[in-house]
Structure formats: C-alpha cells, structure tokens
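Peer 1: Once you've had a glance at the structure underneath, I'll fire off some questions.
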Amino acid sequence: MSERAPVVTVDGPSGAGKGTISQLLAERLGYKLLDSGAIYRVLALAAIHHNVELDNEESLTLLAAHLDVQFVTGNEGKGIKVVLEGEDVSTTIRSQECSNAASKVAAFPRVREALLRRQRAFAEAPGLIADGRDMGTVVFPATPAKLYLTATAEERAQRRYNQLQDKGFDVNIDQLLSEIKERDDRDMNRSVAPLVPAEDALIIDTTNINIEDVLDLALTHIHQKLQVPA
C-alpha cells in the first residue's frame with residue numbers, strides 16, 4: 001500500500017509512553033495524530049452503551065462499521081478530544097474498564113478489519129503520527145518511519161497508577177500490574193495482529209530514559225527515514 005501523506009508509526013505495549021511521545025511528535029512536526037487505541041476504547045464504550053456483549057463478534061463488527069467517532073485537535077498541547085456520537089468521551093475511555101474491554105474487542109479479526117479502513121483514512125497532509133499496537137505491522141506497513149516503545153511491566157504499572165490517580169480513579173497498583181501482564185500475554189499471543197515490533201522499527205526501551213531523550217531518539221529516526229527538516 002502507499003500512504004497519501006508521511007506517516008510515523010508508534011507501537012508498543014500499554015504504559016510504554018506511546019501517547020506522550022506521539023503527542024510531542026505531532027506538535028513538533030505539525031502532523032495530525034491518530035490514537036488507534038482510542039478507537040477500540042470508543043468501540044468498547046459504544047458496545048457498553050448499546051448493550052452489545054464483548055464476546056459477540058458479529059454484533060461488534062456491525063457496531064464498528066457504523067461507529068460515529070471523531071478526533072478533535074487543537075487543544076493547546078492537551079491532546080486530542082475523542083467524540084463518540086457527539087459526546088466528549090476523552091476521559092471516560094481512559095478508565096480501566098474501557099482499557100480491558102478494548103483489548104478484548106480488538107482480538108476479533110472481523111472487528112479489526114472493520115476499523116482498518118477508517119484508521120488508514122487518517123493519513124492526510126501534512127502528515128500523521130499513528131499511535132497504536134499494530135500501526136507499523138498492519139495499518140501502515142509501507143512507511144519507513146516506525147517506532148516501537150517498550151518498558152518493564154512494573155514501570156508501566158507505576159505510570160498507569162499515577163495517571164489514573166491524577167484523573168481521580170481509585171486503583172490498586174498490584175491489580176494494575178496483574179492486568180498489564182495479562183494484557184501483554186493476550187496482545188502478544190493473539191492470532192491476528194499480535195503485538196510485535198515491525199522488523200524495521202526503531203525499538204526504544206523507555207524504562208530508564210527521560211521523555212526528552214526518547215523524543216530526541218525518535219526525531220532523529222524520523223528525520224533520517226522521512227527526510228523531513230530538523
């Protein structure tokens with residue numbers, strides 16, 4: 001396939017820093033941003049709202065085909081606003097319930113196929129930062145600029161704990177760690193689009209690296225691969 005605009009893919013497990021780096025890259029390069037994980041979270045939330053069982057692939061696929069979701073940018077560095085059926089669900093979809101449900105619905109091949117075309121449609125000028133789990137391996141495999149961020153499960157659990165605490169959610173870090181390990185196992189071993197780095201991706205372990213250094217590594221890679229101005 002050929003992308004209609006420059007695309008940078010940022011893949012990796014939950015809590016590795018994909019969201020933060022993707023937003024910083026979009027701001028630095030002036031590119032649009034796609035939070036692929038949000039699409040699955042929105043679908044999971046829509047399923048909950050419409051009383052669709054999370055193990056019903058046929059109903060989920062039908063819901064995905066008609067999913068009314070928009071990503072509204074321009075929030076002055078505060079990320080994108082996720083809108084489902086006219087309602088701002090940016091905070092709601094970040095709950096642990098939606099996070100776990102999203103991983104479940106994403107495991108269905110027909111659901112992923114239904115959302116694949118919509119994700120690719122986000123590749124528009126001047127460029128796109130695509131944040132997800134299979135952006136470089138499935139959605140935008142032709143782009144030369146691929147990143148894969150990772151970190152230890154313990155570090156990712158701590159980051160998730162801090163994030164949810166800041167948003168006012170009551171969470172238990174041991175439970176978060178257990179859920180992250182379970183999700184890693186589920187995502188890495190599923191039959192369709194398992195969570196693995198693209199062969200040509202730059203792998204960055206963010207466990208002991210500050211965000212500025214991660215950003216520098218990412219920008220250097222992007223400049224080399226896309227030949228965009230530094």
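Including glycine, each Cβ sits where the backbone N, Cα and C put it.
Pasting the relevant annotations from Swiss-Prot:
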BINDING   GLY12, PRO13, SER14, GLY15, ALA16, GLY17, LYS18, GLY19, THR20  ATP binding site
Peer 1: Can you list, in sequence order, the residues of the same chain other than GLY12, PRO13, SER14, GLY15, ALA16, GLY17, LYS18, GLY19, THR20 whose CB lies within 8 Å of the CB centroid of the ATP site?
Peer 2: ILE21, LEU149, ALA151, ARG156, THR206
Peer 1: Including all protein chains displayed, how many Cβ atoms other than that of SER14 (ATP binding site) lie within 10 Å of its Cβ?
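Peer 2: So the number of other Cβ atoms within 10 Å of SER14 (ATP binding site) is 24.
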Peer 1: For ALA16 (ATP binding site), which residues of its chain lie six or more apart in sequence with Cβ-Cβ distance below 8 Å?
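Peer 2: When sequence neighbours closer than 6 are ignored, ALA16 (ATP binding site) has LEU149, THR150, ALA151, ARG156, THR206 within Cβ distance under 8 Å.
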Peer 1: List, in sequence order, the same-chain residues at least six positions removed whose CB sits under 8 Å from that of GLY12 (ATP binding site)?
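Peer 2: The list for GLY12 (ATP binding site) reads LYS18, ARG133, LEU147, TYR148, LEU149, THR150, LEU195, given in order along the sequence.
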Peer 1: Take the Cβ of LYS18 (ATP binding site) and count every other Cβ within 10 Å, whichever protein chain it belongs to.
Peer 2: 26
Peer 1: Could you tally the C-beta atoms, other than its own, that fall within 10 angstroms of the C-beta of THR20 (ATP binding site)?
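Peer 2: Within a 10 Å radius of the Cβ of THR20 (ATP binding site) lie 17 other Cβ atoms.
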